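Notes to accompany the following structure.
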């Protein structure tokens with residue numbers, strides 16, 4: 001009797017990402033304001049739990065940026081789609097977290113994801129060119145690749161100084177780390193995905209906050225992800241981000257609860 005392999009689909013992983021993200025944002029907006037107003041231990045603990053659950057979201061989004069880059073048939077359309085929704089999401093983001101239509105000091109994570117996508121696209125192009133040009137000169141190729149990597153990270157960091165988006169340069173580097181392990185030809189694809197994800201979360205934990213290590217729990221479902229997409233609801237996940245922020249912003253305005261983060 002052949003045992004059927006248990007699969008976690010990409011659709012299921014994306015659901016985990018958006019649900020944990022929504023929990024995080026509910027905590028960040030409503031519970032944070034309640035903690036500031038009433039300051040009880042129970043509220044403070046509940047706030048921390050909501051935010052810790054939310055740490056599972058961002059690395060999964062980064063993971064699927066790399067997966068999308070690898071599988072898409074049109075990288076230009078993929079990047080354009082992400083850029084368009086980054087623009088659409090900005091007003092709902094500012095309304096939810098700053099109670100204003102435009103807050104240039106704090107921008108949405110969609111910008112970080114877009115910059116991460118562009119960064120790995122540039123790197124992928126440079127790596128391919130160096131592989132063609134220096135195919136028989138391993139040392140030269142490695143030196144060129146390292147130079148390209150450093151240059152792209154510095155450029156992304158400079159752009160992030162202006163963009164001021166969620167997770168900043170650390171977020172962009174998170175995507176780059178996952179991509180580098182995904183591209184590693186010496187690792188099996190599934191091994192590279194898991195090691196890359198673990199390395200990326202470790203990077204986030206040390207560069208952002210130790211609570212980011214909670215995202216290592218994502219490795220449990222990721223172990224059962226074998227590249228199967230599952231239900232195709234591509235635009236649902238794009239629309240969900242600005243839509244849920246807009247709902248949070250409306251509720252915050254009605255109830256008078258604001259994060260002012």
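Each Cβ is built from the backbone N, Cα and C atoms, and glycine gets one as well.
Some features that TrEMBL has for this protein:
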type	residues	note
TRANSMEM	12-32	transmembrane segment
TRANSMEM	52-71	transmembrane segment
TRANSMEM	78-97	transmembrane segment
TRANSMEM	109-127	transmembrane segment
TRANSMEM	139-159	transmembrane segment
TRANSMEM	165-182	transmembrane segment
TRANSMEM	194-215	transmembrane segment
TRANSMEM	235-260	transmembrane segment
Listed stretch, out of 52-71, 78-97, 109-127, 235-260, that has the most CB pairs under 8 angstroms to the transmembrane segment (194-215): 52-71
Closest-packing stretch to the transmembrane segment (109-127), where packing means Cβ pairs under 8 Å, from 12-32, 52-71, 78-97, 165-182: 165-182
Listed stretch, out of 12-32, 52-71, 165-182, 235-260, that has the most CB pairs under 8 angstroms to the transmembrane segment (78-97): 235-260
